[in-house]
Amino acid sequence: MSWQTYVDTNLVGTGAVTQAAILGLDGNTWATSAGFAVTPAQGTTLAGAFNNADAIRAGGFDLAGVHYVTLRADDRSIYGKKGAAGVITVKTSKAILVGVYNEKIQPGTAANVVEKLADYLIGQGF
């Protein structure tokens, strides 16, 4: 399966996230949903935050033109919030999954979908 298929089918296609991307550990975009553009600088900042989250814990982070307040940040997952919407990011051994949800979607539902896809990819060696 292609990275784009994972974005279109396993993330956005579930209805649990409205926008999604898969990034490399260097922050470069491998696949993205339409209209969701993570800049290289944003990807690099996000990728680095999995190793040292101090900066994003203090000041939040930006993705695709939206500033998020950091709710959770560890070496596997970074969760952000903007009003009633938010973002779930999960790191695997080779990629970073990004799933954005809107105010109509429960955060736990979005987190479940992104985390489960990450678990699957980790199990496949990714």
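Placement of Cβ uses the backbone N, Cα and C atoms for every residue, glycine included.
Fair warning: this is a prediction, and the values are worked out from it, not measured in the lab.
The following features are taken from Swiss-Prot:
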- 2-36: region 'Actin binding' (REGION)
- Lys104: N6,N6,N6-trimethyllysine (MOD_RES)
- Lys116: site 'Actin binding' (SITE)
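For the region 'Actin binding' (2-36), the list of distant contacts is 42-48, 64, 88, 91, 94-102, 105, 109-110, 112-114, 117, 121: same-chain residues at least six beyond its ends, Cβ to Cβ under 8 Å. Note: the region 'Actin binding' (2-36) comprises 12 helix, 10 strand, 13 coil (DSSP; helix = H, G, I, strand = E, B). Residue pair Lys104 (N6,N6,N6-trimethyllysine) / Lys116 (site 'Actin binding') shows a Cα separation of 21 Å. DSSP assigns the residue listed as 'N6,N6,N6-trimethyllysine' to coil in the three-state reduction, placing it in neither a helix nor a strand.
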